[in-house]
Amino acid sequence: MIAFVFPGQGAQYSGMGVELFDRFPQHIEVAESVLGTNVRALCNLNESQLRKTHNTQPALFLVNALNLLSLEKRGIHPRVAAGHSLGELNALASAGVFDFETGLWIASERGLCMSQVFNKQDFSGGMVAASRISDMKLVLNLVSEKFPDVDVASFNSPTQVVFAGPFDRAIKLQTWLNSSYLGRALILKVSGAFHSRYMLEAADLFRHRLESANIKFRKPQFPVFSNTTAAPFPDDPHKIKQLMVEQLTKPVLWLDTIQSIRQNRSVQFQEIGPRFILTPLIAETCSQATL
């Protein structure tokens, strides 16, 4: 069974997708109409500009989508799909819940909602990825005690977890984890404290944008696993939208998602994006998975 997985923020890099743009001119034309910008220039922004979430999200959705089209033209199709954070939109689009144009609009609005909230708040958010953790329960308990203003943003693998919170606290958490030899901690190249309590206002704004747009969602053509539940999205369009909004403030259950997809099944995971960042996590989670 083939499972498509799509990466989220952190997979972007300046110049991504350049080899795909000439192959899909009609999609580029649609993208530029939706976004009102030159997408080649967007994907060629320098690292600091591309990292800004209102740029990252539409650019990454676009490149993920073009990579998907490239695979589909070769006759490769999934039986199941999942996406990490933003990548969940690509997974839903791959299953026909909405089309390319709608998905790109949603990705752009999602990024704009987050960016607008960041810009008006006197708050700078950050995220820390902690890997090589030998005792996850201990680390989670200690972080909860010592850093109550930091949330778990993503459970990525048996030994990797991501935290989100105020940027200054993220720096202190990184230093503490490394000095305590509890794991190897790195600050992520993102522009906010995603999947945490600090996204509540952005989630409310995103919900309003989705409702105002009156988008018609369709039943998934195959199972797409939700970040929030680690289970397939329901067929009900209202519940799909609800989970998309909730995802902004809740942790990504990536570890549970991969385990759920692979449960009692032989799965070939295919990562679809500008570069492989999920594949190592999947390999660690399922040492016998086919990648």
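Each Cβ is built from the backbone N, Cα and C atoms, and glycine gets one as well.
TrEMBL labels come from automatic prediction, so no person has curated them.
As recorded in TrEMBL:
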| type | residues | note |
| --- | --- | --- |
| ACT_SITE | S85 | active site |
| ACT_SITE | H195 | active site |
| DOMAIN | 5-289 | domain 'Malonyl-CoA:ACP transacylase (MAT)' |
Field: Nonlocal residues around H195 (active site), in sequence order (Cβ under 8 Å, 6 or more apart)
entry: S85, D151, A153, S154, V162, A164, Q247, L248, T249, K250, P251, V252
Task: Starting from the Cβ of S85 (active site), draw a 10 Å sphere and report how many other Cβ atoms land inside it.
output: 26
